[in-house]
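Asker: Below is one structure. I have some questions about it.
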Amino acid sequence: MIRLEPRRHHSQKMVYLSPLLAIVLTLISGAIIFAFMGKDPIEALYTFFIMPINNAYGIGELFVKGTPLVIIAIGLAMGFRANVWNIGAEGQLTMGAIFGGALALAFYDSTSVFLLPGMFVMAAIGGAFWGAIPAWLRTRFNANEILTSLMLTYVATLFLSYLVYGPWRNPEGFNFPESRAFPNAALLPIIYDGTRVHLGAVFALLIVAGGWVLLTKSVVGFQLRVVGQAPQAARHVGFRQKRMVWFTLLLSGGLSGLAGMFEVAGPIGQLQPSISPGYGFTAIIVAFLGRLHPIGILFAGLVISLTYLGGELAQISLGLPSAVTGLFQGILLFFLLGCDVLTKYRIRFGSASKSGEPA
Amino acid sequence: MTAMTGNTTGAIEQRTGSGPAQLEICGVTKAFPGCLANDNISFRIEPGEIHALLGENGAGKSTLVKMIYGVMQADSGDLLWEGNPVTIASPHDAREMGIGLVFQHFSLFETMTVLENIALAMNDVRDMAVLRQQVAEVEKTYGLPLDADRHVYTLSVGERQRIEIVRCLLQNPKLLILDEPTSVLTPQEVDKLFETLRRLANEGCAILYISHKLHEVKALCEHATVLRGGKVVATCDPRAETAKSMAEMMIGQKLVAPDRGVRPAPGDARLAVKNLSLVSDQQFGTDLKDISFSVRGGQILGVAGVAGNGQNELFQALAGETEIHGTPDCIILDKQPVADFGPRRRRRLGAAFVPEERNGHGAVPDMSLAENGFLTAFRRMALSARGLIREVPTRIFADSIIKTFDVRTTGNSAEAGSLSGGNLQKFIVGREIMQDPGVLVISQPTWGVDAGAASAIHQALLDLAAKGTAVLVISQDLDEIYAICDQVVVMAAGKMSAARNMADASIDEIGLLMGGLHDLGGETAPELNGGPK
Amino acid sequence: MDWIVPLILTVITASTPLLLSATGELITEKSGVLNLGVEGMMLIGAITGFAVTVSTGSAIIGIIAAAIAGMAIALIFAFLTLTLMANQVATGLALTIFGVGFSALVGSGFVGFAIEPLPSLHIPFISDIPVIGPILFGQDFLVYLSIFMVIASGWFLTKTRAGLILKAVGDSHESAHAIGYNVIGIRYMATLFGGAMSGLAGAYLSLVYTPMWAENMTAGRGWIALALVVFATWRPGRLLAGAYMFGCISVLQLHAQSAGINVPSQFMSMLPYLATVIVLVIISSDQTKIRLNAPACIGKAFRPAQ
C-alpha cells in the first residue's frame, strides 16, 4: 500500500531532483520500449541520446532545435504561472513566420540591413496578434483560452497552407507549394561556422535572461505568480487578472511568433506548408520540464532538442519510426507530472496509521 | 497545566445509570504526521444525555468526531456502542448504527434541491416520493419547515442547517453529534435549536454537542469533557461552572480581558459609507441594499450578523475588490470619494484590509512570509523600485512583523501555508498594522484562531484605535464584538441597521436585528459616548 | 433530391465520433474531472481499433479493444491526477502529446492497410424504405450506440441515485466525502468511462469514417468534443444537437467544394475550428448559465483529510 504524506514545507531538493528522476524513468521506459521493438536497448539509447551530439555539428543542431523550444517555452511558462493556458503557440509561431516572411517576400530582392530587424518586429506583431485573439475572447467573453488558442492553431496552419499553395507560391518554383527563397538580407547570420547555429540562439539566451529577471525580480512577475497561485489574493490587492491574461498571451504569442520567424529565416529559408515539427506543442513539455523557470527551461530545451535529434538518427540508423520522439516526450511529461508529487508529499509504504482513504 | 475545577485528567467519570452507555470512548488515540491529534481520549455518553465536548481550535474535537462518524479510523483504542465494541468503517456504517452528524461546514450541495441533498445523506432511498413524505412528517413533528424543492443556494444559513438536522432525524438517531451548530445562527434561532435538542434528549437520544460558546453549553448541557492538545484535561458539569472557569479549562491559563487603554476623543469620520447598494457578483451572493455608516478615528465599529448576509460583499466593496462605478462618493476615505478606486489606490490613501480567509485571500500559502509581506505593503513600505523587488527591505519588513507580533515560524522564508492559523493571522494583521493605516477593515479577526493569538489580535486592534485609526470589525462572534467594539451595526439580508453604542445594545435586540427585523433599527445613529438613548 | 440521403448519411458519420467522445467527457466532467486528453485518447482508440481489426479480421474485436485502450490511457490520467494529484490541465495535455506519439509509432506499421468497413444494420423491407429506411434503419451499430449512450447518460444523471451521487461529487467533493462517498473511486470510474467512449470514437474514425489509419487523423475532433460539452452546458440533450450541428458544418465544407463554391479549400477547412470558437464565445458569455450547470469542483484536486 502506497500512501502520500503531506510535507510541512515544500521540498526544495525535490524541486530539482524530480525532473532528473523523470528523465531517468523515461530512459528506463525507453530501454523497455526499444527491447519490445526488438532492438538492443543499450545500442538504441546510445543512438538516441549520445550519437547525435558526439561532434560539433551535432552539438550545433542541439542549439538549432533548442532555440525555438526555449523561446516559446519562456513565454508559455509566464502564462502557466498565471494560470493562463495558451496551448496555441504552434499557431502563433505560424503567424509570426507568415508576418515576418511577408516582409522578406515583399522585398525579395532587397539587400537592406533593415530588412531583418523589420522582420523581427513583424513576427512579434504577428504572433502577438494571434495571441491577442484568445486574450480578447477570454477577457471579454470568458471563453476558455485553451480551446480557442488551439482552434486558432488549425486556422493559422491552414492559412499558411493557403498562402504557399496560392498567392505566395514561388512563380519560378515548378509549382511546388513553396514561397520564393528569402533574400540573403532576410536570413539570420550563422554565428559558428560549420554548424547551422544562427543569431536566434543568441536571442534565446537574451530571452532566458530577460525572463529570469521578469519572473523572479520584477513586480510584474510577482503579480503573475500571485494571480496564478491565489487569484482571490490577487484580487484583494488589486492585481488584475485580465491584465495578466493580456500580458501573458501577448508575450507568449510574440515570443512564439519570433521563434517562427527564426525558423523560416534560419534553417528553412523560405515559407513552406510545414515549418515546425510541433515546436509549439513540445514547448509545453519544455516549460514543465524546466519547472516554469527560465533557467530550468534553458536546460530542458536542450534535453528535448536531443529527443528530436535522437529520433531522426534512430530513424536513419535503426529504422525506427520518427514518432518515437513524440512518444518519448509524452512519457517524459507523464513521469514529470507524477514525480512532482514528491515536492509536496512524501511517499510512505505500508499502512502505518489506519487512515480513512488510501491516498 | 493549571489544575482547574473538575475531575483529574483522563479520569472516566462513573455515573449512575442503568445499563451501558450509548457510546463509550475508551483510550482513543490518533496521530497525524507531526501531531498527536487525539491522545488516549476516554469518556461516555448516556442515552438521553446532552454532553458537551469543549476545546479550542486544534484541540482534537473534529478528529474525534470524524472517528465516531467513521470518516477516519483510530490508531488505537475502542468505541463501545451500547456496551459492545464496534468498528465504524464509514459514515454509512455510522448512520446504520444510528449516529447522526450535523457538520460545522455544511455538507450540502449548492446546485441541488433540498430533497436531493437529503437523499444523498440517507443510506437507502428507494422512492423519492416516500422520502418526501417522511421529510414532511419530520418537519411537522419538530417544527423545522423546509421546502423540499428549493435549491440550496437560495437558502439562508439557518435553513441550510435545518436540512442537516432533518437529514439526521430521518434516520431515527440514537446519538446526534452537532459540531459548532450555533456559529451561524441568531440568538433566537439558537433558542429554537435548543428546544429541538432537549426534546430529542427527552425521547432518549444521546447528544454530543461541540462548541466553544460557553454560555450556550452552560444553558444546554449536563456534562462536559474538555480537550486541550489532544488530551482530556477536565470533565465538569457546565451548570455548576461559569463561562470563565470553563474557558480557563480550555486554554489552560487565566483569561485576561483586553486592555482598552486610553482612547483619544473620537475624531472626524475617516471611513464613511453612504447609500451603498451593490448587486453581488458572486454565484450565490447577497446584494447590498442602501448601506450607510461611518467610523471615526479612534473608534472601533463592529458589524454583527449571521454569515452570508452580505458581509463578504461589504468587505469586498470596502477593500476595492469590487469597484463601484458611477457613484464614487458612496464610499469616502478621509474625505476622498473612493468607491471607483481599486485596492491599490485605496491602500495608497492609508486604508488597510484583512479578509476573513487567510490562505489564498489574505496570504498566498505557497509563497514565503517575505513575499507575503510584500504582497500588500510594497507601495506604502517602498519595497519596490523601478518595477523590481527590493529584496533586502522586503525581508527586513517581514522580520519586523514576525518580531513585533510574535509570529512563531522558522523565519521570513517559511511558506505562509506552513504556519498555524493563529500565527498566520498574527502575521497578516501585523502586516497591515505595521503600515500604520488610517482606516483598517478586518473581517472575522479571530476566526479559527487559538485563544492566545486571539487576545493578542484583540489587543493590537485596541492599540491601533488608541492611536487614532478608524477600525471596522466584521464578525459573527458577538462575544468578540462585545469585547472590543465601541459601536455596533447589524447586517441582515444585505441591509444594515443603524449604529448603536455597545453599552446600550442588548444581546436580545442584536439577535432580533440579526434575524432581519429591521424596523427596530430605524433610529438614527447615536453619537459615540453620547447621551442615554 | 437524390443527394439528400447521402448527405444526411455523411452528416451522421461525421457527427458520431464527436457525440461518442463528448458524451464520455461530459460524464467525466460531471464528476469534477477535466480531462483535456480526449484527442490523445481518440487517437489511441483509432490506432488500436484499426490494428486489432487488421490483425484479427474482426471489427467487433477491434472496437472492444479500442474502448479498452481508451480506458487504459484514461487510467494513467486518473492515476496521475486523482492519486498523485497532478495538475489536470497539464496532465490532459500530456495525454494528448503521448497519444499522438504512441499512435504514430504503432500506426507506422499500419499505414496503407485496408479493412472491411463495419457492417450496417439491414432489416429487410424496413431498411429499404426510401429516405427513412437507410437513415433510421441502415446505420452501423456504433451510430445507434452513440444515440443510446447520450440518452442513457441523460437518464443516468437525472433519474438515478448513482447519477445523483456522481453530480454530488462534482459539485462539492468536500461534502460528498464528509457524508461518506468515495470521491476518488467515483472519479476514477467516471474518467475510465470517458476514456472508453473516446476510444470508441477513435475506432469509429479509423474503422468507419475513413476507414484507414493516418497519423493525427483526429484533426482536432477531440478538442471540438471538449468544446461541445461546454456548448451543451453539461446537458446530454443539447450535446446531441451540438454534435450534429458540427457534423453538418464539417460536411458542408466538403460539399461546398464539390458544389463549385469558389473559395479556397483551406478557408472551407477552417470552418469547424472557427465555428468552435464562435460557439464557445456565445455560450461562455452567459456566465450565470455556465456557473449553474458547470460542476463546481471541475479541475480541482481532492485529497481526503486523514
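Including glycine, each Cβ sits where the backbone N, Cα and C put it.
What TrEMBL records for this protein is below:
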TRANSMEM  C:6-26  transmembrane segment
TRANSMEM  C:33-53  transmembrane segment
TRANSMEM  C:59-80  transmembrane segment
TRANSMEM  C:92-115  transmembrane segment
TRANSMEM  C:135-157  transmembrane segment
TRANSMEM  C:188-207  transmembrane segment
TRANSMEM  C:213-232  transmembrane segment
TRANSMEM  C:239-257  transmembrane segment
TRANSMEM  C:263-283  transmembrane segment
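For each listed feature, how buried is it and what is near it?
Answerer: Packing against the transmembrane segment (C:6-26) from elsewhere in the chain are residues 35, 38, 41-42, 134-135, 139, 142-143, 145-147, 149-150, 153, 193-198, 200-202, 204-205, 208-209, 221-222, 224-226, 228-229, 232, 234, 236, 239-240, 242-244, 246-248, 250-251, 254-255: each is 6 or more residues past its ends and has a CB under 8 Å from a CB in it.
Beyond the transmembrane segment (C:59-80), the same-chain residues lying 6 or more positions past its ends with a Cβ under 8 Å from any Cβ of the stretch are 33, 35, 37, 40-42, 44-46, 48-53, 86, 91-92, 94-95, 98-99, 115-119, 142, 187-188, 191-192, 194-200, 202-203, 207.
Within the same chain, residues 34-44, 46-48, 50-51, 53-54, 59, 73, 76-77, 80, 207, 211-216, 222 sit at least 6 positions outside the transmembrane segment (C:92-115) and bring their C-beta atoms closer than 8 Å to a C-beta of that stretch.
Same-chain residues lying 6 or more positions outside the transmembrane segment (C:188-207) and placing a CB less than 8 Å from one of its CB atoms are 16-18, 20-21, 23-25, 27-28, 30-31, 33, 35, 38, 41-50, 53, 59, 62-63, 66-75, 77-78, 82, 115, 117-118, 142, 145, 149, 166, 213, 217-218, 221-222, 225.
Tertiary neighbourhood of the transmembrane segment (C:213-232): same-chain residues 17-18, 21-22, 25-26, 29, 36-43, 46-47, 50-51, 96, 100, 103-104, 107, 110-111, 113, 198, 201-202, 205-206, 238-239, 241-243, 246, 272-273, 276, 279-280, 283-284, 290, selected by CB-CB distance under 8 Å and a gap of 6+ residues from either end.
Beyond its flanks by at least six residues, the transmembrane segment (C:239-257) meets 7, 10-16, 18-19, 22-23, 26, 147, 150, 224, 228-229, 231-232, 263, 265, 268-269, 271-272, 275-276, 279 of its own chain at Cβ-Cβ distances under 8 Å.
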Asker: May I ask for the residues of the chain that lie six or more residues beyond the transmembrane segment (C:33-53) and have a Cβ under 8 Å from a Cβ within it?
Answerer: 17, 21, 24-25, 59, 61-63, 65-70, 73-74, 77-78, 81-82, 88-89, 91-100, 102-103, 106-107, 109-110, 113, 115, 187, 190-191, 194-195, 198-203, 205-207, 211-213, 216-218, 220-223, 225-226, 298-299
